[in-house]
Amino acid sequence: MAMRELNADSCSSPQMGAMWETSGSVKENSSQSKKYSTKIENLGPESACRHFWSFRYHEATGPLETISQLQKLCHQWLRPEIHSKEQILEMLVLEQFLSILPKETQNWVQKHHPQNVKQALVLVEFLQREPDGTKNEVTAHELGKEAVLLGGTAVAPGFKWKPAEPQPMGVFQKEYWNTYRVLQEQLGWNTHKETQPVYERAVHDQQMLALSEQKRIKHWKMASKLILPESLSLLTFEDVAVYFSEEEWQLLNPLEKTLYNDVMQDIYETVISLGLKLKNDTGNDHPISVSTSEIQTSGCEVSKKTRMKIAQKTMGRENPGDTHSVQKWHRAFPRKKRKKPATCKQELPKLMDLHGKGPTGEKPFKCQECGKSFRVSSDLIKHHRIHTGEKPYKCQQCDRRFRWSSDLNKHFMTHQGIKPYRCSWCGKSFSHNTNLHTHQRIHTGEKPFKCDECGKRFIQNSHLIKHQRTHTGEQPYTCSLCKRNFSRRSSLLRHQKLHRRREACLVSPN
């Protein structure tokens with residue numbers, strides 16, 4: 001009901017123009033329905049939105065035309081032919097969110113042209129925590145950076161970027177910087193490697209130009225070298241650590257320092273939990289590991305899940321630098337329960353899978369039979385069963401054997417009478433999900449398998465194979481008594497019944 005009260009001002013707000021390009025405009029009021037119908041044909045999204053919510057019953061000649069006009073306006077507004085369901089939902093939620101904001105907040109947020117709900121949320125939260133004197137100035141770090149961390153784009157049309165000014169470090173800031181530097185030294189990280197900032201890599205190429213004023217933060221290097229215990233080989237993982245020089249650290253505001261503090265704390269916690277070792281330039285080994293949620297392959301963007309997690313933790317903290325020593329980071333993490341340390345054998349496959357077994361995605365394990373390659377040896381062992389015919393998994397009830405453990409588990413359900421998959425049309429139950437999907441094609445009429453010879457279609461692939469034998473003349477089923485061949489197993493079974501009947505007649509005294 002609140003959407004019905006959406007006024008014309010909110011429908012014509014700038015965020016609509018940010019999402020879709022406006023094409024054409026018309027006068028809103030018309031007394032004749034035919035003229036009105038002609039006018040709405042070429043409406044742009046903003047005008048269509050405005051007309052949709054302001055449309056009245058008397059503007060049409062009856063209920064049928066009223067519904068028709070509303071459908072046209074809604075279609076021109078939402079553009080379902082070019083936008084996904086998620087985009088349409090995003091647009092509706094954004095419009096409603098802006099329409100229910102207090103008037104002062106609504107005007108200020110609309111002035112900055114949020115492109116999506118996440119950017120609007122950042123703007124509103126920024127407005128709530130900032131004093132009145134600073135509401136009109138929005139810095140790149142306060143909004144653009146947070147928008148990226150929440151999964152949105154860093155730059156929106158209408159944003160006025162204001163670079164943060166360098167501020168002299170006080171006693172607390174010096175202590176905070178020293179803590180940051182100590183952690184870098186503890187982990188053996190180099191603070192002078194140059195690379196592109198993570199948040200810049202998450203921005204569209206066309207929007208990168210708007211971040212030219214942010215070049216003062218360009219020493220983000222995400223790399224660590226891990227030496228795995230025993231005889232395991234060296235693995236290099238990029239996109240793990242964040243680096244700043246002392247001069248760059250002075251330019252960061254408390255919000256940013258809190259962000260980097262949280263990132264390093266998470267890295268250090270998970271580094272210790274795996275019990276691996278890091279090799280630094282001095283040759284000393286320090287216990288270290290890598291958070292699997294933070295690892296990204298080289299050249300990829302920061303994942304949306306990771307960005308949101310970091311942003312939520314950062315925005316929820318008021319006082320940056322609550323933890324002032326590496327030792328505290330290692331000993332206690334009050335905000336979340338520490339995970340049970342995992343062994344290297346448990347975590348290595350995950351790390352190798354995330355990183356593609358090295359920088360090039362190498363697949364060193366090759367099948368000698370067919371030449372197919374695999375990333376880990378266990379996959380090669382499983383694949384080799386196809387060539388050898390090995391079926392190591394045996395059913396204890398019927399002695400049937402299976403190549404994969406998953407197949408044995410599915411088969412076991414048939415003995416137990418478990419049929420968890422139920423058809424919503426007829427109520428029939430099935431033990432396997434694939435059987436349910438095949439059955440539902442009877443109700444939907446779907447026939448995805450087509451014969452290339454005659455064009456006839458079938459519900460199941462097995463039916464297509466049987467049909468194709470009528471074209472090829474193949475007869476794979478042979479009678480063991482008379483050596484007659486058949487194209488279908490059912491035909492062979494009927495034929496074998498004739499043999500049994502003849503034998504019964506010969507044995508019978510009558």
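For all residues, glycine too, the Cβ spot is worked out from N, Cα and C.
Looking at the stretches 71-93, 117-139, 163-185, 393-415, the one that Swiss-Prot records under the feature zinc finger is 393-415.
Cross-referencing 265-287, 449-471 with Swiss-Prot places the feature zinc finger at 449-471.
It is 365-387, from the ranges 296-318, 365-387, that Swiss-Prot records as zinc finger.
Within the model, the zinc finger (421-443) shows a mean pLDDT value of 88, rounded to a whole number. Taking Cβ pairs closer than 8 Å, the zinc finger (477-499) reaches residues 466, 469-470 in its own chain, all 6 or more past its ends. The residues of the zinc finger (393-415), classed with DSSP into helix (H, G, I), strand (E, B) and coil, number 11 helix, 4 strand, 8 coil. Look at the zinc finger (421-443): DSSP puts its residues at 11 helix, 4 strand, 8 coil.
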